[in-house]
């Protein structure tokens, strides 16, 4: 049955951020992506207004085409690559918040989450990518940055490059019933939101700490690129600005930033606590110089290196990782509280 453009626009207007129009067009991967990101933060949903005619035409062509375009490789798309990178980071941050307490998270949970985010974008539309190679790139990159939240960025980059390298058109398959498609989408949605909801409800304090750590990690990525930091903040503030305009309050005075400043104060409070714990791990008082931090780190690493403590290897490994994490925290420059406004 041919898909109608008017119906597609109506579904886009009513339930676009939830991916209803993509579900109608048979673009299940795109529908799931919109469900998990609320229409790409609203920006992707608005941008699609001009793309809907091509989506409808593509869906109608796919219904009349029984064979896949074999032998051809899809053209390289910088926008798809950027979306893969961003969604991979997003999936990694959600995993960091909800699953980072599990054993071997940085070796299993994190690369799996990032790789699946990249593959989800790769499967949007009539394209897909190689599952094994993309996840393999994510798992091979993860040990290089073991125990560091910043690992999300290189893992997503490696998986996105691999997915683009192995991109291909989807093979034609038999049409499935709507109930089967909804069942599959529901399972995927629960797999994404279930751990996050469980962590928030059953371990609220730890979840808040993980959220603050994830936000702090994101903000620290932009500390060396002030322009990108300002663009990042503008993008995060954009939905709130649109909402304020819709409710009829276009005035953006100092009160506009109050709630946003509370968020940064919340993040900074956890960052300060992390620095205090880091000083304790290295046996230093707050305000120690960089030379003192480096010297204490070197001495403690020699004492607790696992190779030097074979009789208590597990304890030494735990202390060794704590020392490395503390040194990494104290090595980062401390940003003033108002620096992100």
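Using N, Cα and C of the backbone, Cβ positions are placed for all residues, glycine too.
Heads up, TrEMBL stuff is auto-annotated, nobody curated it.
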If TrEMBL is the reference, give me the range from 127-144, 145-162, 163-180 marked as transmembrane segment.
145-162
Which is it, of 182-201, 242-261, that TrEMBL names as transmembrane segment?
182-201
Long-range Cβ neighbours of the transmembrane segment (6-25) (under 8 Å; 6 or more residues past either end):
31-35, 38-39, 42, 45, 48-49, 52, 55-56, 58-59, 181, 185
Looking at 106-125, 145-162, 182-201, which one has the highest count of Cβ pairs under 8 angstroms to the transmembrane segment (32-50)?
182-201
